[in-house]
Amino acid sequence: MAREDSVKCLRCLLYALNLLFWLMSISVLAVSAWMRDYLNNVLTLTAETRVEEAVILTYFPVVHPVMIAVCCFLIIVGMLGYCGTVKRNLLLLAWYFGSLLVIFCVELACGVWTYEQELMVPVQWSDMVTLKARMTNYGLPRYRWLTHAWNFFQREFKCCGVVYFTDWLEMTEMDWPPDSCCVREFPGCSKQAHQEDLSDLYQEGCGKKMYSFLRGTKQLQVLRFLGISIGVTQILAMILTITLLWALYYDRREPGTDQMMSLKNDNSQHLSCPSVELLKPSLSRIFEHTSMANSFNTHFEMEEL
């Protein structure tokens, strides 16, 4: 009974862990898909600069095809573990354990590789100034993708220019910054702000924002936390799976052992009952002789008196 309760507890824990696998894997895929589009605009601005290499080494492992494939495979493995737990199938649970072990090794290798790569390309503040070279083609029909990337970055990071908003006046033939530099954006807002109130423009340059971006965003921290959580959950799932495999295998062997023990007990009972019946006459004779001896001794003592 206690063993059966333990098996039920292990199965419930595996159900919960598989649910966590699904939720965390879907979360990683969703955030990675969002960051993939986000990074496309950042890489457009940093193309052919030292900053581009740093961005790739910092964020590429997050959206790496291997990482995406691991999360997709983990969802399938979670379904495999769920089916094996429901049906108490030793083969499915063994496949589940092996798959988790392989996925964990791949994730560990990716984590070590990412850590080593991040240490290889240090980025200095002076590297951010090189982004000014990407401003000269802003607004040209041939470089609409670059214009879109600059507008996207300035809106998202609430910045203007590289060092200051005057970079647009220095590096281009524009008389005022783009409208994406406005705190409250509307058509012609930058011209109005440049002529009336400069405080309506973002005062901080995008170089500092890019430098902070390379140090890690909240989304990157969330993904790293999810990656560590998935790894820890995998270790717990592997331990519980091994324990459940052992318990189910022991339960399948136990009924045969109990049957053999019951047969031995039945045989001993069958053997003991006839022997007791055979010993009953002998015991009765011994009891009669003992009673006669006691009565003779009592009679002899009475005659002496």
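Sequential numbering from 1, following the chain as shown.
Each Cβ is built from the backbone N, Cα and C atoms, and glycine gets one as well.
The predicted model assigns the topological domain 'Cytoplasmic' (1-12) a mean pLDDT of 77. Swiss-Prot lists 1-12 (among others) with the feature topological domain 'Cytoplasmic'.
The feature S-palmitoyl cysteine is assigned by Swiss-Prot to CYS9 (among others), with similarity to another entry given as support. Listed in sequence order, the residues of the same chain lying 6 or more apart from CYS9 (S-palmitoyl cysteine) and placing their CB within less than 8 Å of its CB: none are present.
Under the heading S-palmitoyl cysteine, Swiss-Prot lists CYS12 (among others), citing similarity to another entry as support. Taking Cβ-Cβ distances under 8 Å and a sequence separation of 6 or more, CYS12 (S-palmitoyl cysteine) has no neighbours in its chain. In the three-state DSSP reading, CYS12 (S-palmitoyl cysteine) counts as helix.
Proximity of distant same-chain residues to the transmembrane segment (13-33), defined by a Cβ-Cβ separation under 8 Å and at least 6 residues beyond the stretch ends, is recorded for 62-63, 67-68, 71-72, 74-75, 77-79, 81-82, 85, 219, 222-223, 226-227, 229-230, 233, 236-237, 240-241, 244. If you look up Swiss-Prot, you'll see 13-33 (among others) marked as transmembrane segment, on the strength of sequence analysis.
If you look up Swiss-Prot, you'll see 34-59 (among others) marked as topological domain 'Extracellular'.
Sequence annotations record features per position, and here Swiss-Prot assigns transmembrane segment to 60-80 (among others).
Marked as topological domain 'Cytoplasmic' by Swiss-Prot: 81-89 (among others). Remote same-chain residues near the topological domain 'Cytoplasmic' (81-89) are listed as 11, 14-15, 17-18, 21, 95-96, 100, 237, 241, 244, 248 (criterion: CB distance under 8 Å, separation of at least six residues from the stretch ends).
The Cβ of CYS83 (S-palmitoyl cysteine) has 14 neighbouring Cβ atoms from other residues within 10 Å, across all protein chains displayed. The S-palmitoyl cysteine annotation in Swiss-Prot covers CYS83 (among others).
As annotated by Swiss-Prot, transmembrane segment applies to 90-110 (among others).
Per Swiss-Prot, the feature topological domain 'Extracellular' maps to 111-224 (among others); the stated evidence is sequence analysis.
Taken from Swiss-Prot, the feature transmembrane segment applies to 225-245 (among others). With a threshold of 8 Å between CB atoms, the same-chain residues lying at least 6 positions outside the transmembrane segment (225-245) that come near it are 7, 10-11, 13-14, 17-18, 20-21, 24-25, 27-28, 31, 74, 81, 85, 90, 93-94, 96-97, 100-101, 103-104, 107-108, 111.
The topological domain 'Cytoplasmic' annotation in Swiss-Prot covers 246-305 (among others) and is backed by sequence analysis.
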Note = Secondary structure split (DSSP) over the topological domain 'Cytoplasmic' (81-89) reads 7 helix, 0 strand, 2 coil
Query = By DSSP, how many residues in the topological domain 'Extracellular' (34-59) are helix, how many strand, and how many coil?
reply = 22 helix, 0 strand, 4 coil
Query = How do the residues of the topological domain 'Extracellular' (111-224) split into helix, strand and coil according to DSSP?
reply = 70 helix, 2 strand, 42 coil
